[in-house]
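S.K.: I'd like to ask you about the structure that follows.
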Amino acid sequence: MEQTLRETIRNNPKKILGVNPNDAKVSLSYLTVAFVSLLIGGILGMLQGLERAGLIQLPSWLNYYQVLTAHGLLLLVVFTATFTIGYQYANLSHSFGGLLSKVRKLAWIGFALMLIGVVMVTVMIVLNEASVLYTFYPPLAAHPIFYIGLVFVVLGIWACCFGVFINYRYWRKNHPGQTTPILAFFAMGVFILWFFASIGVTIEVFTLIPWSMGLVETTNVMVGRTLFWWFGHTLVNIWYLVATSAWYVIVPKIIGGRHFSEKLIRLVIILLVILNIPGGFHHQIVDPGISQSVKFLHVFMSLSIAVPSLMTAFAMFFVLERTGRKLGGKGLLGWLKKLPWGDVRFLAPMIAMISFIPGGAGGIVNTSNQLNQVIHNTMWVVGHFHITVGVSVVLTFFGICYWLIPYLSKRQLTPKMNKIGVIQTYVWTVGMALMAGSMHIVGLLGDPRRTSDTTYGGHEIAVSWIPYEMVFAIGATLLLIGVIIQVYAVFNMMFFAPKGHTEFPVAEPEDDATPAPLWTERWGLWIVLLIAVISMAYVVPIVDMILNAPPGSPPIRTW
Amino acid sequence: MIQTKPNDSHKELHDEKSLKGTLFSVGVLAAVIVVMWVTVFWIYMDRV
């Protein structure tokens, strides 16, 4: 029976009215900061690539390590965090029929706090007072304002976390016996993980502020590094969880299919939330002062992430094949041809998913003890995170833009813009394949990372790295072209594309699918398990590092 | 003609439900993991 207009407005106001303009403003503001950061970070990335290849010499007022620090923080923290908040708040608004006004206020408070923090951090880097790299752990010491800026960034993220928790609780209270829409469930997973991930780094930063001010003479470097990787490793999986929300829920709709079992999707989210944080020590696998048993535990916990990842791989292959076959695909791989490769909303996340195969395999190499000895602190690691973050995550984010931004700005994705998006995706893919591919190979040959000059007086081994470094430079140049195209596309879709209605593409379950189980909504229990796993992994080693502390380190400036 | 129609639709339905492409793709994924791991382990063994 057809619904009356009144019933439609009551039951599904978005169908008639579209997105709430106030909610759209929140998301668009975060996305604006994200893509301005991407542009600046991308330019800095290309400069690094060219300097590393010996093609340019940066001026004395802008050295390699300043550029490296700004590139890392602007892209890995600012771009990903602001994009995630913009996207997840849009998901929440769509799923819940609008944000609560106090939640919107929290999002604006978070926005202001993050902006203040980013300005403080950036100014300190520009003034050459904070060339401490993206990881910023001791003994390298920045100006205190740099760390205070980071506190503001974390407070901004926490404001957004609390906003999500409040809106979720309100919705659950008003919908007893119902499971939350799947995208809102993803948002809960993302922000819970973010909150608990940032606790470690917040403690670290609070110990570094008095140390950098000279109020405390020394700091415990081991504890600082450990607290950083509690956050740093989890951040990677926060991006991954955000990307998988689009893979599981958005991509099936775009290709004309249905999403995989909601029970499995929810299980993957819960596993990623519970298992994620205690993988940090695999970044410190060659550090002294950590017992073999603790390292073994963390290697095991890192590898446990492979379980939900492999579940995701199976589920996505299933969805793609089932849809491709429904569209007439035959044979072993004929279904692949039936997928909409000319639609950027599919193409970009599809390439992102494919790249997660070598990206995930590289992650298993990194976390294996003996294999880590081969690749530790080499360009392999840089190649690894460029293929995982730079393709699996970022290309998914780019693909999301082509429906999310027109939806929020009440505009349309034109065929011309779709074509630009397809070209951008190929430019980005080729650029990253050249850059990350050569980084992987030259890393295996021993080329170190985080070093501006690796000629080592013309030693023959160092000379053998140069051709690969030239390929980085070519890749980095293509990537900057990709950034410029993407930023153009984003702001065009935000302000200049033709007005119109754009669908928020959320896939439906299969007709015979069983309803999502209510037990998955027990976030209290998942958080208890998360805390138990964190305690198991961190209490003993951190207590040991404090009780048997090596001599502390004074602040060190190497620049 | 009358007899071939049900067979065709049965075959089509079977083809629509087939997951051999998924099995193959998961196999490729496993192969990438194994090849990458073994290659780097071989380099490690060569260097120790």
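Positions of Cβ are set from backbone N, Cα and C atoms, glycine also.
In TrEMBL, annotation is done automatically, which means it is predicted and not curated.
OK, TrEMBL features for this one:
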type	residues	note
DOMAIN	A:22-491	domain 'Cytochrome oxidase subunit I profile'
TRANSMEM	A:28-50	transmembrane segment
TRANSMEM	A:62-85	transmembrane segment
TRANSMEM	A:147-170	transmembrane segment
TRANSMEM	A:182-209	transmembrane segment
TRANSMEM	A:229-251	transmembrane segment
TRANSMEM	A:263-281	transmembrane segment
TRANSMEM	A:296-320	transmembrane segment
TRANSMEM	A:346-365	transmembrane segment
TRANSMEM	A:385-405	transmembrane segment
TRANSMEM	A:426-445	transmembrane segment
TRANSMEM	A:465-491	transmembrane segment
TRANSMEM	A:523-543	transmembrane segment
S.K.: For the transmembrane segment (A:182-209), could you work out the same-chain residues 6 or more beyond its ends whose Cβ comes under 8 Å from its Cβ atoms?
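M.R.: Same-chain contacts beyond the flanks: 84, 88, 91-92, 94-96, 137-138, 141, 144, 147-148, 150-151, 154, 157-158, 160-161, 164-165, 168, 171, 216, 219-220, 223-224, 226-228, 230-232, 234-235, 237-238, 241-242, 244-245, 248-249, 259, 262, 265-266, 269-270, 272-273, 276-277, 280, 506, 516, 520-521, 523, 526-527, 530-531, 534, 538.
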S.K.: In the same chain, who gets a Cβ under 8 Å from the transmembrane segment (A:385-405) while lying at least 6 residues past its ends?
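M.R.: Distal contacts: 27-28, 31, 76, 80, 83, 87, 90, 236, 239-240, 242-243, 246-247, 250, 254, 344-349, 351-353, 355-356, 358-360, 362-363, 411, 413, 417-418, 421, 424-425, 428-429, 432, 435-436, 439-440, 479, 486, 489-490, 493-494, 502-505.
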S.K.: Taking the transmembrane segment (A:296-320) as the reference, which of A:28-50, A:62-85, A:346-365 gives the largest number of Cβ pairs under 8 angstroms?
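M.R.: Per the Cβ under 8 Å count, A:346-365.
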S.K.: So if I exclude everything within five residues of the ends of the transmembrane segment (A:523-543), which remaining residues of that chain have a CB under 8 angstroms from its CBs? That is, six or more out.
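M.R.: Tertiary neighbours of the transmembrane segment (A:523-543) are 188, 192, 196, 200, 223, 226-227, 230, 270, 273-275, 277-278, 281, 290-291, 294, 297-298, 301.
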S.K.: Need one number: mean pLDDT over the domain 'Cytochrome oxidase subunit I profile' (A:22-491).
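M.R.: Per the prediction, mean pLDDT sits at 95 for the domain 'Cytochrome oxidase subunit I profile' (A:22-491).
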